[in-house]
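Notes for the one structure printed next.
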Amino acid sequence: ASAEAAPLPRGGSAMAAGRSPPTFLLLGPVGGGKSLLVRRLRHIRAARGHRGGGEGGAGGGQARPAVGTNLTDLRLPRKVTVRELGGCMGPIWHSYYSECSALLFVVDASNPTQVSSSCIQLLSVLSAAPLASVPVLVLFNKIDLPCYMSLVEMKSLFRMQDIVSCATQPITLLETSARDGTGLADVLHWLRTTLRDPC
């Protein structure tokens, strides 16, 4: 297990400080695909420039859901620490908000029974004072599965138009498949843009 990252000032001040790597929080309900997502992002960055059909290769497969917190370092090219918090840790997610420079929230787009609880969790996260100005990326994951709900359907079920209009944070929505790599290049682009790193 990685060592605990030192707390950082939130938002842009953390990124400007330049002392410790910015910390991005990776949140979402149990089973949304967070662990595989961050593993695939690390694999893609390690295999820099190796694209095409290769994106679905060595990083694919299953990843065990996080129990507790996992730390992963990415270079975008600047180093950033992704802290994944298990879905079962929802009641104590707030303990980690003060060190957050940006937030990724993963939803299982193939699981309609999870929509209501996912929406409640997302609203709780967005209403937290320490995250009031932190950029947020909402990922509707598992679009490789035949039963997945489209972005239009998910936006309607989540009432995303209302959420975005009421939120104080900038919110970006993406469809992804951590398993086959769909959308992961867009996730990396968002991370680099948030850090103001060159692409």
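Residue numbering: from 1, along the chain as shown.
Cβ from N, Cα, C; glycine included.
Features of the protein shown, as given by TrEMBL:
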BINDING   Gly87, Asn141, Lys142, Ile143, Asp144  GTP binding site
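Around the Cβ of Lys142 (GTP binding site), the same chain contributes Gly32, Gly33, Asp108, Ala109, Ser110, Asn111, Tyr148, Ser177, Ala178, Arg179, each under 8 angstroms and 6 or more positions distant in sequence.
Maximum C-alpha to C-alpha distance over the listed GTP-binding residues Gly87, Asn141, Lys142, Ile143, Asp144 is 22 Å. The Cβ of Asn141 (GTP binding site) lies under 8 Å from the Cβ of Gly32, Gly33, Leu37, Val106, Val107, Asp108, Ala109, Thr176, Ser177, Ala178, each on the same chain and at least six residues away in sequence.
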